[in-house]
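J.: For reference, the structure I am asking about is given below.
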Amino acid sequence: MENGGSWEGGQRRPLLDESHSSSCYKDDEPVAVDQRPQQQCAPTNHKAPLIILGFSFLEGIAFNGVGINLILYLRTVLHGANSSNAANVASWGGTSYLTPLLGGLLADTYWGNYRTIFISSILYLLGMITVTSSAAIPSLKPPPCDVSSCQPATGAQMFVFFSGLYLIAFGSGGIRSALLPFGADQFNDGENPVEMRKKVSFFSMFYVCSMLGVLIAGTLVVWIQENIDWAVGFGIATLCLALASGGFLLGTPTYKLRMPTGSPVKSIVQVIVATFRKMHLEVPTDGNLLYEVDKNNSGLQHLAHTDEFRFLDKAATISDMETSNGHAHASWTLRTITQVEELKILLRMLPIWATCIVYSAACTQMNNTFIQQGSVMNTRIGSFSIPPASLSSFGVMCVMVWVFIYNKIIAPAVQRCSASGAGLSNLQRMGVGRFTMIISMTTAAIVETKRLQGIKNGQTMSIAWQLPQYFIISGSEVFNYITQLEFFYAQAPDTMRSICTSFALLSTALGNYLSSLIITFVSLVTARGGKPGWIPDDLNEGHLDYYFYSLAGMCAVNFCVYVVFARKYKLKRVI
């Protein structure tokens, strides 16, 4: 496959066929990498990635220390109604996943990743302090319920608490959009095998550190909130964020910083406008005749011309008038081929991103229907009673196991078996993740079928039978989510890396919304004519196994669509 070849095995080409040409800072002045010898760029300082990983871990504790138990706090402390609590949590959660788009836009256009993280940390910390104060100061929360009644929180009390929550949403959005690309920027670019392996390991460790933060928040912090004091639990989460922010600032001298290069959204719009304004022009068959600026003078990354979406090449086609004017560059009528190729990259990534949404819709079952399934099983394993929701912590531990298995067993084995000595490409690894999700949903369906058969015979299945589906879905996450972050970072145009990372996160949020729509649709369709439906309140009367089988089928279709587009995908190529 020309320029890409990333789906087929054997002759896998490097994911990044480029020598990175963004800009660095030197003595507070930007210096383009391409304008100076490669060795003058600062070598990888391994303290910097470690600081970023520590930030990811502590931020995971901070965010989830508030978010995981939020609905319980609204009910037991602020005495809100169940319906309004659910709506408030959903609104806050949706905002938290949408704000990375704003953060990514600011990082790529104005502030750069470092400043975005710094400013977002301030907002984030203010929000955490506000939430902690709301839980600690008696006048900022209603009194505890007595035997006869519960006094709901006043408007002022709700305003203070939700002001803190939404400061957290915007602060965390900025950090999520910028932290991962900022960490990846700390590694030297090019095709040095050692540096490439370190960068791949960084993406894996970033995800593991984030999951470790979720694990600590979901166990230790939640236990403290429910058994000691909410203010203490929120205070621990706030302390974690303060430590992360302080460590990040102390590490400033070790960082490699890259400049924002202007609004990528404006550049995209200019390409589209220029294309439509030149609809009457014929695109030259020789790509060398398309407009481009001198690489040596611009100091910017230049992308190779591709034949896909050729109609967009009209934006880089030089008209007779522009030729007579000496190629005078009018930004709304003539764009460089690199700017056109940046838009083509986004169009090529779009179907891959769309399949990420469907994948996430299946993956989110671990946080809802898997728990519902476990709640009607025998929760005792030996002398221990296992809360169904706690198996998500088992899933986090499985993620770490799978990362070890992949790095130490699977990847070396594939490299030995490959004629070229190359491992699985990013697209291949994401394909494995999508295929494994089919197996996970099928496993959950088989377990549910066996459980329902046991109920008819008066037997209750042990919750331990859920462990295989959690283990498989955790492996699917490792192959897909970690690689997805790496893929969107690597394939994104240099001017859009934070935005594209944000879109990778957005696919998770949209997957959650899609899952809710699917469940609502299934309930409406199957619960007719007095039938309980597939997902009734009493799962022993329903057919949750049919639902899981349907998801497995949906994942199978999604996998086939992904394979079609992955085989055609052409990797970004820099000249």
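Glycine is no exception: its Cβ is also placed from the backbone N, Cα and C atoms.
Below are the features listed in TrEMBL for this protein:
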type	residues	note
COMPBIAS	10-27	compositional bias 'Basic and acidic residues'
REGION	1-27	region 'Disordered'
TRANSMEM	50-74	transmembrane segment
TRANSMEM	118-138	transmembrane segment
TRANSMEM	158-179	transmembrane segment
TRANSMEM	200-224	transmembrane segment
TRANSMEM	230-250	transmembrane segment
TRANSMEM	345-362	transmembrane segment
TRANSMEM	382-406	transmembrane segment
TRANSMEM	503-526	transmembrane segment
TRANSMEM	546-565	transmembrane segment
J.: Hey, would you say the transmembrane segment (503-526) packs against the transmembrane segment (345-362), going by three or more CB pairs under 8 A that are 6+ residues apart?
T.: yes
J.: Below 8 Å between Cβ atoms, which of the listed ranges 118-138, 158-179, 200-224, 230-250, 345-362 makes the most pairs with the transmembrane segment (382-406)?
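T.: Answer, by Cβ pair count: 200-224.
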J.: Using a Cβ-Cβ cut-off of under 8 Å, list the residues of the same chain that are 6+ residues beyond the ends of the transmembrane segment (230-250) and lie near it.
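T.: Those are 51, 54-55, 58-59, 61-63, 65-66, 69, 73, 77, 117-118, 121, 124-125, 128-129, 131-132, 135-136, 217, 221-222, 224, in sequence order.
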